[in-house]
Amino acid sequence: MIFIYAIIALLITFILVPILIPTLKRMKFGQSIREEGPQSHMKKTGTPTMGGLTFLISIIISSIIAIIFVDHSNPIILLLFVTIGFGLIGFIDDYIIVVKKNNQGLTSKQKFLAQIIIAVIFFVLSDVFHLVHFTTDLHIPFVNFDIPLSFAYVIFIVFWQVGFSNAVNLTDGLDGLATGLSIIGFAMYAVMSYMLDSPAIGIFCIIMIFALLGFLPYNLNPAKVFMGDTGSLALGGIFATISIMLNQELSLILIGFVFVVETLSVMLQVASYKLTKKRIFKMSPIHHHFELSGWGEWKVVTVFWTVGLITGLIGLWIGVH
């Protein structure tokens, strides 16, 4: 059955994308490009965005089928809730930008508040209604030590889900970068899930992998469509949720290492400029720094994928030992 879920997810995305692209073009749902960014990106102006809708629809349909046939499917139900919740936030943000022609989209406060609400509801569904059981201790790899967080774990969940949701969003600035890194990351968590005896989470990870594989050919350079916040916010929220449900939260620092570095580069750039009026990088997130240093877009993407694969394998090894 796992093979069937994978094929369904792959085919739905692969079929939906070429249908959605001309529709988005006709509706003029095109991406705006930052003028201060790399000049090579200006040709991307008008490329259809909100393409994340395709793999989110694929994930939802495939997951519902899995819920019907898989025993102990509560983890999939929770992951589906997070997918829809964070995806909806991203969709509203994209809609305001491309339809209302408001480049800001949702304000930071609006987006942050909505993400907090989704994270808190996730905790309530899992802890209060017992849809799935996970410890409120923060597991520290290698030292066989757990930090009991108790109620403070709610704060950690909010920080983790909101943080990684925005981290993937920041990384989605080069063709295929976030999509490829996400495929690698979900592959690591698929293996980890089965090794930690959490097959339902493993099935969801496999659905994620194949839904994204159906999207990747259209998202590679030169991209025919971007996933938009619709896709990137959902992917980050899902990553954080999987690490929480497996009680392997800190594994995400390595499995999502590139996402972490991209986010830190933005934070360091902002802090440095505010404190010293000097920039550390030529431009942030850091993938733009490498572009402005003379790297081609495809080189940056493949190097970052390679780094993601190496650190992901290390994160997987740590997570199962």
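Any Cβ shown, glycine's included, is placed from N, Cα and C.
Per Swiss-Prot, transmembrane segment is recorded for 1-21, 50-70, 76-96, 112-132, 140-160, 176-196, 200-220, 225-245, 250-270, 300-320, and the stated evidence type is sequence analysis.
The stretches the transmembrane segment (200-220) and the transmembrane segment (76-96) are in mutual contact, each linked to the other by at least three Cβ pairs under 8 Å (pairs 6 or more apart in sequence). By the Cβ criterion (under 8 Å, sequence separation of 6 or more), the transmembrane segment (140-160) is in contact with the transmembrane segment (112-132), since 3+ such pairs are found.
A Cβ distance under 8 Å defines the sequence-distant neighbours of the transmembrane segment (225-245), meaning residues of its chain 6+ beyond its ends; these are 17, 20-21, 24, 31, 47-53, 55-56, 75, 78-79, 82-83, 85-87, 89-91, 93-94, 105, 115, 118, 122, 126, 132, 134, 157, 160-161, 163-169, 171-172, 178-179, 182, 185-186, 189, 193, 198, 201, 204-205, 208, 215, 218-219, 251-252, 255-256, 259. Counting same-chain residues at least six beyond the ends of the transmembrane segment (250-270), those with a Cβ under 8 angstroms from any Cβ of the stretch are 138-141, 160, 163-164, 166-168, 170-171, 181, 185, 188-189, 192, 236, 239-240, 243, 279-281, 284-287, 289, 304, 307-308, 311-312, 314-316, 318-319.
Tertiary proximity for the transmembrane segment (76-96) is limited to same-chain residues at least six positions away from its ends with a CB under 8 Å from its CB atoms, namely 29, 49-50, 52-53, 56, 59-60, 63-64, 66-67, 70, 102, 104-106, 111, 114-115, 118, 121-122, 125-126, 131-132, 161, 165, 169, 200-201, 203-204, 228-234, 236-238, 241-242, 245.
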